[in-house]
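This report refers to the structure that appears directly beneath it.
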Amino acid sequence: MVLNSNLTTQDKQRIINPIERTNVTQDLSENVILTTVDDLYDWARLSSLWPLLFGTACCFIEFAALIGSRFDFDRFGLIPRSSPRQADLIITAGTITMKMAPQLVRLYEQMPEPKYVIAMGACTITGGMFSVDSPTAVRGVDKLIPVDVYLPGCPPRPEAIIDAIIKLRKKISNESIQERDKIKQTHRYYSTTHNLKPVEEILTGKYLQSDTRSAPPKELAEAIGMPIPPALLTEKAQKEEQTRG
């Protein structure tokens, strides 16, 4: 590098080191935003939640009211999707049965990461009124898929659904990309276990072929003077009938 001899020492220093640390003034500090990739990523996802609506019972009626203009849930950026591959939030509303459980797990597995779950209603969380004597109701959807937000109620109001979405947004804003795969569900709702005893099949397929269906009852047959079928006679009555004959 060849420098002009007519330049002063200060000018030479500026040419050699053109980049210097600038003084941060009050005006400059108000125009600079410092953030991280995690914060930017979480901020972008806060207003772009696309829910997959999984309604199986009466709780879904309240969610249908939320879609209306009175509550306007579009202000949160929620766009209902019909395909799990386009959704990052699934809202389970209603009773989950044993037959429906594999389909729910399959829909959850088809959703891309990161994905979230809101359990809406008492029947989804603990089985509700079906958790006592129903052999087909699942005692809590968290036995099938991890739940991020529990929304109790029978059914919960649309205002409660909005509150659950706000709580989920707060959870998303505090997440990290590196720690997302390491987070696992630790706390679950208490739910009762099955206390039912297995019994033999009641419906054998031969109900119409039974003796009581092919012939009238014994009292009715005696009243109208019809011969009593042998199937309705006891051993003692059969012996008496034989001795008479």
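Cβ coordinates come from backbone N, Cα and C, glycine included.
Your range for region 'Disordered', going by Swiss-Prot and the list 174-209, 210-245, is 210-245. Taking all protein chains in view, 14 other C-beta atoms sit within 10 angstroms of the C-beta of Cys58 ([4Fe-4S] cluster binding site). When each of the binding-site residues Cys59, Cys154 is scored by how many other Cβ atoms sit within 10 Å of its Cβ, Cys154 comes out lowest. Sequence-distant neighbours of Cys123 ([4Fe-4S] cluster binding site) (same chain, six or more apart, CB under 8 Å from its CB) are Ala57, Cys59, Gly94, Thr95, Ile96, Met129, Phe130, Ala137, Cys154, listed in sequence order.
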